[in-house]
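Notes follow once the structure below has been shown.
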Amino acid sequence: MGFRKKTNKNPPVLSHEFIIQNHADIVSCVAMVFLLGLMFEVTSKVAVLFITVQYNFTISANEESVVNHFHHGLKDLATIFFYMLVAIIIHAIIQEYVLDKINRKMHFSKTKHSKFNESGQLSAFYLFSFGWGTSILMSWGVPENFLSNPVSLWDGYPHTLMPFQMKFYFISQMGYWLHALPEIYFQKTKKEDIPRQLVYISLYLVHIVGAYILNLNRLALVLLVLHCFIELLFHVSRLVYFSNEKRQTGFSIWAVLFVLGRLLTLSLSVLTVGFGLSNADQQGLDLANGNFNVLIVRITVLATICVTQAFMMWKFINFQLRRWREQAQAQPVKPKKLQAPKTKSKKDKANGVNGVSSNGADSPRAKKEKSS
């Protein structure tokens, strides 16, 4: 892949192996084309569509202060594409300068090697997403203190206007999960692992894009921060497990938080979509104003969330059962204690001398005397 040391055998130009080894360099050149486009007046207008966040809307809070907000539109596709390229480059940098160095020291097997790379990449992403999302929630000014006031999750719907940080957060999320699709090819993912990766990438994209289009960004932000924290704990626990298989405490903590996270996700979703939006003032379908508060949309949103949470719980149960089975097989079987042979009592010894064994039969000496 890109940024790696060149091997003695150079693959043919534009072959599959050449693209896989040098994909980060190729993508970097494409991203540089957009950045260079900012330097020329002829191309700057096109380059701005890819690099900067679009659909700026200025609100005058008072005579002195001005607040910039953003809404979504088709031009966001260009911005998402550019930050998808950025995600590919960052992915290659983390792989080359962090994960590959650790892999060479630890000497993992092929199975552990792929899982370690996956958890390493996702740990960095979830840590970044959780920290960034938390900072947005803490600095959220409209409305303030929404954590203690859950009504703010649906109050004033549709939430078409977003602060810059919130819109850029969603753009980055969509760019990251889109970059995961070509990474399946770049990382030479095994055929048996491709369906699993396609499923969870599709689930992320469906939920994030759906919330972005339906203007449910407040609810989506809260649920994303919660989900990123739980997933971060899981992948960090897996990294610790690979370094020392005896350290499995993190999995137990993650298991409890995972179940609580599913319950909290369902509770907030039903509270916001099922009760909050159904009693909101603005009802009806209005595409111009971004209002999707109709019964069929609410049912579809809730059904999608419930099915996803049920699917995640099913995968969680299977994971726990497999883990317990592996732990049971790994435990060594205790060998049975051999019973020490019973020593003969004085009475038995006397009987043996007199010609009668301890089980009532004649001893060999008694048999010889009888026969004589």
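The backbone N, Cα and C atoms fix where each Cβ goes, glycine too.
The structure displayed is predicted, hence computed values, not measured ones.
The transmembrane segment annotation in TrEMBL covers 26-57, 77-99, 120-142, 168-186, 198-214, 220-241, 253-275, 295-317. TrEMBL lists 114-327 with the feature domain 'TLC'. Per TrEMBL, region 'Disordered' is recorded for 329-372. The annotation compositional bias 'Basic residues' is assigned in TrEMBL to 334-347.
Residues of the same chain lying 6 or more positions beyond the ends of the transmembrane segment (220-241) and with a Cβ under 8 Å from any Cβ of it are 115-116, 119-120, 122-123, 126-127, 129-130, 133-134, 136-137, 153, 166, 169-170, 173, 207-208, 211-212, 247-251, 253-254, 257-258, 261, 264-265, 268-269. As a quick check, the transmembrane segment (253-275) and the transmembrane segment (198-214) miss the bar of 3 or more Cβ pairs under 8 A, pairs 6 or more apart, so the two do not touch. Highlighted: of the candidate stretches 26-57, 120-142, 168-186, 198-214, 295-317, 168-186 has the greatest count of Cβ pairs under 8 Å to the transmembrane segment (77-99). Outside the transmembrane segment (26-57) by six or more residues, the chain places 2, 19, 68-73, 75-76, 78-79, 81-82, 85-86, 88-89, 161, 164, 167-168, 171 with a CB less than 8 A from a CB of the stretch.
Taking every listed stretch (120-142, 168-186, 295-317) in turn, the largest tally of C-beta pairs under 8 A with the transmembrane segment (198-214) is reached by 168-186. The average pLDDT for the domain 'TLC' (114-327) in the predicted structure is 91.
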